[in-house]
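Beneath this line is the structure, given in structure tokens, with notes to follow.
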Amino acid sequence: DLSLLRFISAELTRGYFLEHNEAKYTERRERVYTCMRIPKELEKLMFFGIFLCLDAFLYVFTLLPLRVFLAMFRFITLPCYGLRDRRLLQPAQVCDILKGVILVICYFMMHYVDYSMMYHLIRGQSVIKLYIIYNMLEVADRLFSSFGQDILDALYWTATEPKERKRAHIGVIPHFFMAVLYVFLHAILIMVQATTLNVAFNSHNKSLLTIMMSNNFVEIKGSVFKKFEKNNLFQMSNSDIKERFTNYVLLLIVCLRNMEQFSWNPDHLWVLFPDVCMVVASEIAVDIVKHAFITKFNDITADVYSEYRASLAFDLVSSRQKNAYTDYSDSVSRRMGFIPLPLAVLLIRVVTSSIKVQGVLAYICVVLFYCGLISLKVLNSIVLLGKSCQYVKEAKMEEKLFNPVPTATPGKPAGKQQSMFKSTQGVSTDENGSASVTNQPVHQKENTPSLLVTSNSDQFLTTPDGEEKDISQDSSELKHRSSKKDLLEIDRFTICGNRID
């Protein structure tokens, strides 16, 4: 019998049987725990990635000038040694000289750009126009970063390519001018970004700074509700690392310019401190919220960030081997899209214009500061290498460091060879069909000798003597059989064969 009293009684005494849907509610609880773990795991990845960028950035100021000096000394003293080698300079020395020349040329070109005029020109614009300009600058910076490393790599390969081959390029000089133009334009772009941020810091009502920082939260709307695989999330994480490090350098430039205007008064630094904290806090908050909801909506666990960290550590460790084909700073640039040359040009330009060096004592301070930078660079490299070895061991990827390079055998198509390479690397897919960035390697057979001596943690940084001979013999035998496509595929594949472009 239906009655109002029975309906109210049923509503007041109705119970819940959550145990009947235990799997659903357990999954919801795990999602909450995952979101709670995201800040810690994400910041671990960011911390490690920022120090990787710092290492590549300090390399431009510390070791690159010394390497350029050694290369020029070898070139000058070449008649004393004779022409025993077919090359006048080694490929690495050619690349170092090109980097140094580009850095010096762009530095002198930046003297023709008036920072003060640019500041007053931007300050005279309206708030809405500056907001639009800042958004356009962020988009342009990403486009420049994506294309800039290709320009520099094309220059390095054109300058070091074996001359016996048929010429299929426009020449070293056009590539060199393209690289100089790119670095100069990118440095100007970053200078406009720093100037806009400086105007926002010095505005009276701070409305422009608030609008610019609120622009970061637009990223949440643009990325949270999209479908993300693990590889795409890895690419986004690398982009966030590069963006955060670039913002730190921009804040340093803004502080230097403001301190110069106030005659290096320490009290003014505390005036800038709240605004700097606001910028840093907004970046951290946006990254945490963005990654938390991306992992929630795409059913990705928080452990994936330790896999990303292991992948970056593997790049660093593998570049320290004797048979590494690229410098670790270039590998960081390719992986994260962080190109240190334009940022270094701008920072040198700002520092030299803000700080006047006069007298013997000032030059002594400059030399001591340079020695301190070298010490910081060496210490940072040692700590990063040790932590990278630890992360590689925890991910059980030591044996991948010495796996022979897969090459296409005659009579087999490249597609089958590529699929065999993937299967041997132990790629596993999750239930959604997305491949993991780092996976556990497949156990080898018992009769297969181990390729790695595991007695010490640093023994896999250099190739053992016996393996070095085998690698050199195999490389000489397979040199003519390997194709350009294989090398490109190896370069684009990460530690377990998953493509991350």
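Keep in mind that glycine also has a Cβ here, set from the backbone N, Cα and C atoms.
If you check TrEMBL, you get these features:
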{"type": "TRANSMEM", "residues": "46-73", "note": "transmembrane segment"}
{"type": "TRANSMEM", "residues": "94-113", "note": "transmembrane segment"}
{"type": "TRANSMEM", "residues": "176-201", "note": "transmembrane segment"}
{"type": "TRANSMEM", "residues": "338-355", "note": "transmembrane segment"}
{"type": "TRANSMEM", "residues": "361-386", "note": "transmembrane segment"}
{"type": "REGION", "residues": "403-483", "note": "region 'Disordered'"}
{"type": "COMPBIAS", "residues": "416-462", "note": "compositional bias 'Polar residues'"}
{"type": "COMPBIAS", "residues": "469-483", "note": "compositional bias 'Basic and acidic residues'"}
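Count of Cβ pairs under 8 Å against the transmembrane segment (46-73): among 94-113, 176-201, 338-355, 361-386, the largest is for 361-386.
Sequence-remote contacts of a segment are chain residues at least 6 beyond its ends whose Cβ falls under 8 Å from one of its Cβ atoms, and for the transmembrane segment (338-355) they are 53, 56-57, 59-61, 99, 102-103, 106-107, 110-111, 115, 144-145, 148-149, 152, 183-184, 186-187, 189-191, 194, 241-242, 245-246, 249, 252-253, 256-257, 259-260, 329, 332. Below 8 angstroms of C-beta separation, residues 60, 64-65, 67-68, 71-72, 155-156, 159-160, 176, 179-180, 183-184, 187-188, 191, 327, 341-342, 344-346, 348-349 of the same chain, each at least six residues beyond the ends of the transmembrane segment (94-113), sit close to that stretch.
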